[in-house]
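A.B. asks: Okay, handing you the structure first.
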């Protein structure tokens with residue numbers, strides 16, 4: 001081989017890990033009539049170019065002692081054809097034969113890049129991140145990252161000694177995406193990106209925003225995921241997915257068991273570690289299914305650095321947390337859930353992200369994912385960055401992650417956290433601390449557009465059919481569950497935070513004072529059909545000094561559990577889908593503690609087993625009685641029978657389905673038994689007492705009506721017929737025409 005020039009300025013820039021265009025000097029280039037190969041391999045002793053069959057094409061001369069080598073290939077290649085050669089590298093302790101990363105052409109399709117820049121989440125899913133694949137028959141990993149403000153980006157990892165000089169990337173202008181194919185590495189490699197800001201300053205090593213696998217915290221590297229294995233995963237849930245696609249979830253029985261997977265089950269014999277996905281599949285899935293829940297909802301499982309955030313401060317929205325094992329483990333978990341008849345909902349946080357140095361903040365030296373103005377880009381309550389969802393690429397990145405959960409892991413629902421904080425520019429901000437919209441208002445127009453785009457995408461052809469979306473929205477924003485075509489946000493369901501706050505406030509009152517707060521239990525029906533609601537008794541209500549559900553109730557231990565049982569009976573009969581956080585189903589006394597577990601030992605006590613049995617029976621009856629769910633979002637499905645008996649703290653209402661089937665719920669929220677309480681009923685004859693939360697099996701006194709009552713033609717409460725009931729203390733009864 002002949003000597004080949006290597007410009008001194010290029011050498012200095014490459015060695016300083018600040019060259020803006022490494023493909024302009026590295027790899028094969030035509031210089032006159034020769035093909036010159038230049039490479040940067042710090043620490044290499046000798047480099048030769050070899051043919052595919054192993055024959056030596058020639059020596060690359062060391063042109064700088066820091067590791068720059070150059071030489072010319074022999075003639076024989078057609079002009080314009082990519083030269084075919086490999087590099088044989090002698091390291092101090094090994095020899096490596098590998099293709100030259102800088103001999104490959106551009107990787108990403110221009111149309112896909114343009115669509116990503118325009119805000120297409122499918123293009124983000126196709127372009128960004130790390131993907132093990134073959135290029136021109138050569139196995140390796142294609143890396144791509146969006147960093148338009150960077151002056152140089154390198155991929156670093158175990159494969160190059162974390163040396164930012166070794167694998168600088170190509171910038172695809174004007175889209176701001178950097179790409180590189182690294183030959184002969186594959187799934188399982190650890191990596192990060194080394195970036196320099198526009199002024200040349202080196203930034204902290206950054207994890208891949210689109211990584212599909214990560215190290216387990218506190219380690220922070222990204223890992224090349226085996227996406228081919230995920231996409232070839234042996235799913236056996238075709239029947240489930242077909243049924244989901246045709247299910248009208250709004251009019252189906254939905255009862256959700258909310259779980260913090262890091263603490264639901266711990267392995268005490270192994271340092272109290274969290275369970276893996278496979279262990280949770282063996283324990284959580286049969287438990288939730290046996291309890292009669294229709295879905296499990298997982299607090300955020302996208303990788304998060306700080307366990308105390310419960311997952312709500314994620315930095316890797318595409319990657320299931322490595323705390324629970326590899327991504328394939330989560331796929332197996334969902335597969336087990338579907339086989340057991342359980343849907344899986346994941347919490348998703350597009351509102352904000354933490355400021356860990358390896359994360360998204362000032363990713364390329366600029367406010368890339370966040371707003372530059374702290375009045376828009378910093379959340380004062382959570383001390384986190386606010387996603388700039390009005391930037392097309394950021395919106396595409398986030399929605400692409402939601403699509404990934406739906407496609408790769410077959411999740412059945414996505415609950416969007418902190419929607420209210422997105423909708424209002426002045427959320428948790430005093431005057432002067434927020435920026436009005438273009439019309440001078442407080443509404444966040446960019447977030448509104450983003451949420452509509454999210455719902456249109458998840459309900460459109462880009463997503464698998466039947467994936468439901470849920471909004472945690474705590475204000476009276478109109479049209480959260482209205483279609484986007486009707487100027488709504490397009491969610492399938494909204495958490496009814498007002499109902500939860502009002503009813504828990506009522507239940508906290510001593511029964512003697514409840515007559516003065518009667519409206520707290522009835523007010524929810526004023527707006528119950530304005531949206532499609534979920535009634536949430538979530539993790540947020542049993543933490544930070546608020547007390548567990550059982551601890552919120554007044555009275556002695558028996559009265560507290562009786563209050564809770566009566567409340568559950570009221571809730572499961574009330575219009576709206578149901579959600580209960582773990583530990584609530586057996587009335588644990590302690591608050592949620594993310595570093596502990598639910599108080600499973602309480603199930604040794606009959607009273608707590610009784611509450612657990614009640615929740616199981618409520619779920620099964622709720623699923624079996626169409627009157628309790630078929631018209632959840634329609635006024636025709638509900639009517640008050642007794643809504644004004646504040647002196648006795650008694651409530652009664654009827655639920656109906658569109659076939660005329662009925663169920664009546666009667667609640668006595670005082671510890672005083674009511675005998676001969678005459679209740680108007682919408683039909684004559686025998687009514688079966690299908691549920692009594694005071695039943696002995698649930699830990700109650702077993703007071704009731706012997707299993708049935710008789711409705712005679714005695715008018716009461718606006719009905720032609722009525723029955724004389726015995727109302728047990730602090731209890732709810734369900735009656736159904738026999």
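Even glycines carry a Cβ here, placed using N, Cα and C.
Note that this is a predicted model, so its numbers are computed, not measured.
Per Swiss-Prot, the features are:
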ACT_SITE  417  active site, nucleophile
ACT_SITE  472  active site, proton donor
A.B. asks: Express the distance between the Cα positions of residue 417 (active site, nucleophile) and residue 472 (active site, proton donor) as a whole number of Å.
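C.D. replies: The separation of the Cα atoms works out to 5 Å.
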A.B. asks: Would you count the other C-beta atoms found within 10 angstroms of the C-beta of the residue listed as 'active site, nucleophile' for me?
C.D. replies: 20
A.B. asks: Relative to the Cβ position of the residue listed as 'active site, proton donor', how many further Cβ atoms are located within 10 Å?
C.D. replies: 20
